[in-house]
Amino acid sequence: MTHRTKTRPVKVGNLTIGGNNELIIQSMTTTKTHDVEATVAEIKRLEEAGCQVVRVAVPDERAANAIADIKKQINIPLVADIHFDYRLALKAIEGGIDKVRINPGNIGRRHKVEAVVNAAKERGIPIRIGVNAGSLERHILEKYGYPTADGMVESALHHIKILEDLDFHDIIVSMKASDVNLAIEAYEKAARAFDYPLHLGITESGTLFAGTVKSAAGLGAILNKGIGNTLRISLSADPVEEVKVARELLKSFGLASNAATLISCPTCGRIEIDLISIANEVEEYISTLQVPIKVAVLGCAVNGPGEAREADIGIAGARGEGLLFRKGQVVRKVPEEIMVEELKKEIDVIAAEMAAEREKEKETQEQ
């Protein structure tokens, strides 16, 4: 488990972000928010993929008015993304939003910020301050000459002070940049400057392939320093892909206790089975499991079991047959044509055992 810096806990709907809680995966819808049916359908797909908090754009009154209808039909906390118009924030709060993303300094005069803060306080709704290297305040750019980590932290502290002066402390902060090195430095400095939870992201990271690599490089470095309480992988792709990448990234650092992991070999000339298609099929099969099962798909019956001793269950293919093994020990041989189905059956059994065990632990803790 990667050490994580403790921050103050902040409630978002039925979740708590920060403190000693697990890192939360977020995404954002691509639909027009006023199209309630399309927005709800996309949120449900995101939830099924493992998304825990979802953000919607609220650019106008139609979008703000849709919040209440959307909230009635989804199960995960909903965040309103607001720019400039404080009235949209008030309407979203009235509609039952679980968190508001604003920059207090961009909302306008103090009485407007105060109106949003008072409404958020009354409903117990947190505010996320979204600092972005691409939209820093003019005076900060004039001071530093260009976007810098120090400038981003100064911007964050400025917005934090506005809220703290109004005795508001349910704050989450993001420090996003499209430059990986700048984002890493900004998050490091932010983690030292204040103890509010940090929402991680590399903004405008790119397409599915390039954006995945860029986000993994930047966010991986930040996570490895024990920084971060919630994250979004920003991709020019179906937002479900953002959630999949986020889950894989967290698994890599031992930060996801409710996700399945696939171990598969890179293939070589010794392989006698269609390992690539089998690995893809198994990966898809386990993608929505909410238990920490490790599954191995290997192409060599000689080295396979030994190479995946940590796997809960796996197969190693050979000509015409496969070895089914648990924790590195061979359980039985199965014909090649049914080995994937046999593996799936074993996965189902182990996943059910793990789920029952977790439920039992939960009941014990509640007693």
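Each residue, glycine too, has its Cβ placed from N, Cα and C.
These come from Swiss-Prot:
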BINDING   Cys265, Cys268, Cys300, Glu307  [4Fe-4S] cluster binding site
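Cys265 ([4Fe-4S] cluster binding site) falls outside any helix or strand according to DSSP and counts as coil. Counting every protein chain shown, 20 other Cβ atoms lie within 10 Å of the Cβ of Cys265 ([4Fe-4S] cluster binding site). Long-range Cβ contacts of Cys300 ([4Fe-4S] cluster binding site) within its own chain (separation 6+, distance under 8 Å): Cys265, Cys268, Arg270, Ile271, Ala316, Gly317, Ala318.
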